[in-house]
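J.: This is the structure, below, for whatever I ask next.
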């Protein structure tokens, strides 16, 4: 089979077989067999559990069916050890047990940026649009500083009324009642809030600009393939498309920034803060591109799944409504005001510190939903780990489902049960054992956690206050229970088995008329 494949490839280029082609084929075959023999011999003694892959190419399923593939590692490592696979010339080590988990999250020589730069690929890269002179470490430092500054409580508190106004305006554009895919319209709410808090007023104020920005972002994601990520120098069609769309996205963000700078116009937004710090347009665009991508992916999928689970669990739905009503009664008792205005009058400190039901729901939704493999790269020296050697330059992956969905850590792990987080001792146990890492852990906690929680709380509160809704399929038939998320879908974790829709209508006020929007 191997000889046949090589002969076929050669014949495509040089026509009929000749002695030269036969000798070339034989030489190539011998070379390939020698490489395979060397690899197999090395595998027997290196201490790893080796995962399946295609000779010379590697484990392509890591890109096409990532969750299914890393489950092979979870199973292989169940009785100890760590797994390894290849992607072209890259070695990727997969840890799933406690020792590996602690090393993965705690070792300072495992580089976050390099892990994602090579093995993720879905996020837009400014380097596809302009040449950059900053190192990855400098870019990361700049990004972290700006996130910390822009997501301070005092700054976010000032924009809470605008955030609720934005949400309400977007909901007003929907039909008064109907059927909608939450993985579309709820995602758009997250997109709106993220642009408002971390980008430009000019974009956040314009529905048309937001739609175009969304189109460009998802265009970058759709133009990502294993080839474009692992072989960035190869002029494939997807690679060209990705570069073109990224360049278009870069210019779409740079133009309003440059225009504002040229006019000397002052606005009250994140871009203005960066301008006043003396940031270059290139740095500002880099920040906005990364912040929006990071903000919409995980937060978008989490709030969609939270609303699905709430609707499927009447007990918790009632608890949520009781919590919201208690907040309104205490902080905004005027029932003549529109609901979005009343919610916006609740102080940000209350939203952050005094919403225990929402906190439980968010924690549990993250546990059952955010189970993608996290990535790192060993940039220092070789390290001995669980009987094997993680070499300098090797990549590492930790699949969150190895902890989040392990029945030894969580009883009935696929069941959405916010009550499992009510006991503070249980929370501390998972923190100490690193068995919940939905907000990062160790060397890389999630810097956007504050805003992500607020986004989910605001959307959940306003949506469930404005609408009654049920879960249906595309034909309008009721959906029983809640399907599992498709964890191979890295950017949406959409439901397995087909789309789930919300059949919604306005909630009725006490007098029998629709409640104030």
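Each Cβ is built from the backbone N, Cα and C atoms, and glycine gets one as well.
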J.: Kindly point out the range from 234-258, 259-283, 284-308 that TrEMBL annotates with transmembrane segment.
T.: 284-308
J.: Match it up for me: which of 1-19, 20-38 does TrEMBL list as transmembrane segment?
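T.: Feature transmembrane segment in TrEMBL: residues 20-38.
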J.: Using a 10 Å radius around its CB, how many other CB atoms surround residue 446 (heme binding site)?
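T.: So the Cβ neighbour count for residue 446 (heme binding site) comes to 15.
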